[in-house]
Structure formats: structure tokens, C-alpha cells
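Trainee: I'd like to ask some things about the structure below.
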Amino acid sequence: MNQVKTGEHSEKERRKQVKKVAVASVVGTSIEWYDFFLYGTMSALVFPKLFFPQADPFINILQSFTVFFLGFLARPIGAMIFGHFGDRIGRKATLVTTLMFMGISTVLIGLLPTYESIGMAAPILLILLRMCQGIGVGGEWGGSVVLSTEWSSKKRRGLMGSMTQLGVPIGLLTSTLIITLCIQLTGSGFDSWGWRIPFILSAVLIGVGLYIRLGIMDSPQFTRLKQENRIVDRPVLEALKKHPKEIVLTACARLVEQVPFYIFTTFVITYGTEELKLDKQIFTNGVMVAACIELFVIPYFAHLSDRVNRKKIYILGSLLTIVFAFPFL
């Protein structure tokens, strides 16, 4: 037999599994980010008046975005919890769990009674479900990137890792597109009941994502470690002890693109509709165009990072973020 073995798999099997993992990474993270972005857009469009109506309009918006921010605080918690189990029992099992966790939380938001129906219980439940969303995304992101890069060759690690990142613009595009369609179809009813449709539709997407994810396998590296009984008892603590500097620097580096991204895609909608009194569809259309551009830019620069230098590419992206911020001033 002339097949080259790679761990437990032949080269032919490995390539087949790499394709499956790439598809699972894109589809799975797209669904998770669809769920996550729904809240961001709705926090700008309808949540202030539905869940925080007792204050003046400015305070309503502030409260709505505070809950939005809580989802980000929950993400490191999700990363640590599911990162621990990912290193202990496998990436596949944890990624299936995070997808279900995120999906159930999102559907429940769509079924949530408003402040008018159950009073203070409504915003409290919204906060809890938003925290659950954050935990789900936190666990999803790291696990998906690790699984993708573990299956890839060293020469294509950047490109393969970007499959997870592609889920961001796809999720953003899908959520914004469905919200825009719901606005058009439900008209004045969007603020009262039409906003629930995108959240409930998440149940269908989760079913598709689970079907795809159940067909992937854990990487040869993890399988080998498990067979050799080399699984660490406390992987998160072990990483913090051995690589504290790298973890802190990486977390801070991500702030450079994360903060501007949500200003451009979420806060701008609030500012445009509330302060400038412009039609909400102008901004949702703008977000969709930006997401389409990302679909091409992400894999291009990921491929470039495999050929040049990841640090240089990241610095270039940071500088471009500064430049493109000026038109918003």
C-alpha cells in the first residue's frame, strides 16, 4: 500500500476529514455568530423599549447595551469551561455542546415575554440568556480554531484557522438579512412580534449545524494524547502557568479589532436611527455590504499570513482599523 499515514489516518482520509472540519467550522461558527449578532442588532432596534421601558430613551439604550456587554464578559468564562473539557474529552463533544447551548439560549430569547407582560422578570431573564449566549460563543470560538488548525498542515494553518473567522461575517450577514426581511414583511408589527422570528428560526439552523458537526472526528494529535494517557488534569491552569505573557498579550491584541468592530456594526445603528433619525434599513444594508467584503478579505489575509508573517499582517490590520475610523468622526 502506498498511502502515507498521518497519525491514525491515511493521507487520503486526512484530506477528507480536513474538508469536513473546514465545512463544520464555517457552518457551526456562522450559526453561533448568527445567534450572537441577533441580540446586538435587536439591542439597537427594539430591546430598549421592550425590556427597559421604565426609563427615558437614552437610559433605555444604555441598559440594553449593558446587557449586550455582559455577553462579552461571559465569553472568557465559556472559553475556560469548554476549553477545559475540550482538552479533556475532545473538541467534537464540546463543539456539539456549545452549539446546542447557544441555540437553546437564542430560541428562548425569541420566546421571552416583555417587560409589559412580566415586569422586572423580563430584563432579568434576558440578562441570564445573554450570559448563556456569551458562554456558548466563548467555548465555540477557541474549540473551533483549535480543531481546524490541528487538522491542517503547517503551511496552511492560517488559512485553515480562518475558516472559523469566516463564520463571523456569514453570521452577521445572515442575521442582518433575516432581520431586514422581517422588517419588510412584518412592517409596523416588527417592534411588537416580528423581532421574535429571527430568534426562533435559530432552531432550524442549529439542527443543520449539529448534523454537520456530528460527522467530524477529533484530531490525530488529541487521539494520540488520549491513547498515550497524556491528557492533563487541569489544562487551563497549566496553560496559565506556562504561557501567562502570551495569553495576556493575545487577549489585549484582540481588543484592537473587537471594540471597533462592534462600534461599526452595532452602535452605529443606534446612533443613526435614534440621533440622526434615519431609516433602520439604511444601516442594516450597510452592515450586509461590509459582511460581504469580509468574506473575501478574511481568507485572503489568512493565506497571506501563511506566506509572510502573522504579526505583520495583524499590525497592518490594526493600522487600517485606525485609518477607517476617521470617516465615522
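Cβ from N, Cα, C; glycine included.
TrEMBL lists 21-329 with the feature domain 'Major facilitator superfamily (MFS) profile'. Feature annotation from TrEMBL assigns transmembrane segment to 21-41, 61-82, 94-112, 124-147, 168-187, 193-216, 247-270, 282-301, 313-328.
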Trainee: Check the transmembrane segment (193-216) against the transmembrane segment (61-82) for contact, please; criterion is three or more CB pairs under 8 Å, pairs 6 or more apart in sequence.
Mentor: no
Trainee: Which sequence positions outside the transmembrane segment (247-270), separated from its termini by at least 6 residues, show Cβ-Cβ distances below 8 Å to it?
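Mentor: Residues packing against the transmembrane segment (247-270) from afar: 37, 40-41, 43-45, 61, 65, 68, 172, 239-240, 280, 283-284, 286-287, 290, 314, 317-318, 321, 325, 328.
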Trainee: Tell me, what is the mean pLDDT of the domain 'Major facilitator superfamily (MFS) profile' (21-329)?
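Mentor: The answer is 87, the mean pLDDT of the model over that range.
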